[in-house]
């Protein structure tokens, strides 16, 4: 390593080792990560622009990285298979072709996409022994994280409104929650979340990133990138907090208002059985809402300068754990969903049995 390259290495990435040879102490500087790829400006100044980032992950120890890799791989496989199975069950069972399950199918699809934005890249980097991600890939991760993450929030608010109509206006449910309205609510949510993602990505692209390109995370997140930038991030911070708070509060307020009306209506029900039935339809949704908004509030509703390793650990819940647990939370207490899943499993087993008999008969 040349002296020039040595000075370009961030101090928090370098490790000093003490070696003793021939009764003399020597010091060696070991750099576990590759030197950032940079390109000079056209004017020939010493200012450099980052062309890739280094994802440090959640641990610097190789043994712990192997454990994290195994956990991420297992959780990602459960996320994909669990969500796909629920989507198939909803698609094949005509009894589940209702607004509630229409929104659930979209939620599970978004969860698959949300996990697929970050986890596969982290797994591939671990397998090939690399920590790098290109500038373009990094910006794309930021965009899709905002788009899919906020889509989860809007879908949860739409589902809360659906539950409000079902419990408070049961006789007019089919009249209010028409297929056209359901599609319109989902379409509006997609437009808002993509505009939100585009705004933050464009504001991030205008920033300059100098020689420090090590992201203390397993994916490109907004706040760690803002801390790395050598530009003024005041506009980004204000926008992330103000506009992000609006996108956060609008769906959350809709959920709170919906459940205020739901609980006030449930308390007026004369029978205990009716109360239990009403609460059983809302229990899973409330659990997901509490998990989702609790993590979002802890990770993103603060200035970028206060981002820490604890936030990175909490975001694992946001990007990996919640998408994995959503299918179980919604299906374990739902008899209709259990029946649809049972039909899917029995049908697949029947197809395999018929295929095996066909092969045996052919022989």
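Think of each number as a place in line: the chain as shown, counted from 1.
Using N, Cα and C of the backbone, Cβ positions are placed for all residues, glycine too.
Quick look at what TrEMBL lists:
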type     : residues : note
TRANSMEM : 67-89    : transmembrane segment
DOMAIN   : 82-330   : domain 'G-protein coupled receptors family 1 profile'
TRANSMEM : 101-120  : transmembrane segment
TRANSMEM : 140-161  : transmembrane segment
TRANSMEM : 181-199  : transmembrane segment
TRANSMEM : 245-267  : transmembrane segment
TRANSMEM : 279-300  : transmembrane segment
TRANSMEM : 312-332  : transmembrane segment
Before we move on, state whether the transmembrane segment (67-89) and the transmembrane segment (312-332) share at least 3 Cβ pairs under 8 Å, counting only pairs 6 or more apart in sequence.
yes
Determine the mean pLDDT over the domain 'G-protein coupled receptors family 1 profile' (82-330), rounding to the nearest whole number.
88
How about the transmembrane segment (245-267) with the transmembrane segment (101-120) - do they touch, taking at least 3 C-beta pairs under 8 Å (6 or more apart in sequence) as contact?
no
Residues of the parent chain within Cβ reach of the transmembrane segment (101-120), under 8 Å, 6 or more residues beyond its termini
72, 75-76, 79-80, 83-84, 86-87, 90-91, 141, 144-145, 148-149, 151-152, 155-156, 158-159, 162, 179, 182, 186, 218-219, 319-320, 322-324, 326-327, 330
In terms of Cβ proximity under 8 Å, which residues at least six beyond the ends of the transmembrane segment (312-332) contact it?
58, 72, 75-76, 78-79, 82-83, 85-86, 104, 107-108, 111-112, 114-115, 117-119, 145, 149, 216-219, 221, 224, 284-285, 287-288, 291-292, 295-296, 298-299, 338, 341
